[in-house]
């Protein structure tokens, strides 16, 4: 199945190179839509009683990777639809390049999430860097995009070398880089101090990619300067690479007692979630606010993964998928406001409910999902995460509780500041909503509804 998806993305790239200009976008969107519709077969065909499915020497899926692969494929046509309005006005070469980059990122993500070999995982993990950098620096709106690209590249490369050194050390110690083999046969003989340093070096790249608070400086810049497709892919999928990598490495290091490091990491991540929630309350830029909320959510996800509990890991996976869809739609909605008003400042983009009443409904739904109101999947993930963290240490309750309260405040603030009040003069004469924009919101909401109906599709049922 993974080979089919990878060949499918290759076919879309080849078709994009040769198809006539007048059929370019229709072809790319329709083919990527077929890709997204075929990807859920991974979830429904997965044997939930077994760790791995569709096993080959280098590619396989399990209940951790299958939902993330489906999410990657699902977001490919959505990001193309969101960008069609602006990119289609550019030159033919720019349009073809943009489509190829988006599909290439989707293919790299499929390989990353389905890689059985740690070295292949590392190569595919780093392959997403250059296309994303091109999206930010080439199609960003302002000159600050070059600084944002520099931050993104520097932070990502900074964490890559320690991860590569760690993988080489794992190969020397276990004589294998196959994930199932390493999980079964690896019994490191190093001292606890050495293993703690080893573990810390291994996770730096993933903490930067998520990112958690303290490693997050590149993310708000990248989100603010990236085009809408870049922001959607970055928020929905690329940040989840960090969480996925942490889950895989936690399983590899499962035979080692890492309680001393877990205490520091969980405390730091929980505190980071609280700090970023407070930062969100003080934001005036709409995209920066959504970007900082991503940092807060991913800090909570990291804390849950470090708890090494079944509830924590399941909650982390559900929240990664659900918040990936919610944040992607929030960036899409923010882009519709920016296209009409030319600004992202919340003090200016107010009173939209009188001009775009149907869009106000989508803002309300996504703001409610962002703060975790029932019956959204975000609530399920947050309950599992909070339960696992409080069971791990009752002293985390005040920190997590305050982070949740501030999360509710800024989620409601997003809706109130953008929709309530009297419209300013510069947005009184804006155009009404397009069917394309409502289609985007519907395509983001539909998977959330499916997860509500069948939450088992996002659970790791074989974890012990």
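A Cβ is built for glycine as well, from the same backbone N, Cα and C atoms used for every other residue.
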Per Swiss-Prot, which of 36-56, 288-308 is transmembrane segment? 288-308
When Swiss-Prot is consulted, the range among 422-442, 443-463 described as transmembrane segment turns out to be 443-463
Are there three or more C-beta pairs under 8 angstroms joining the transmembrane segment (98-118) and the transmembrane segment (389-409), sequence spacing 6 or more? no
Per the definition of 3+ C-beta pairs under 8 A with sequence separation of 6 or more, do the transmembrane segment (261-281) and the transmembrane segment (197-217) touch? yes
Any residues 6+ beyond the ends of the transmembrane segment (288-308) with a Cβ under 8 Å from its own? 207, 210-213, 216, 219-220, 222-224, 235, 239, 242-243, 246-247, 250, 254, 258, 262, 265-266, 269-270, 272-273, 276-277, 279-280, 315-316, 319-320, 323, 327, 330-331, 334, 344, 346, 370, 382, 384-385, 388-389, 392, 400, 403, 407, 410-411, 413-414
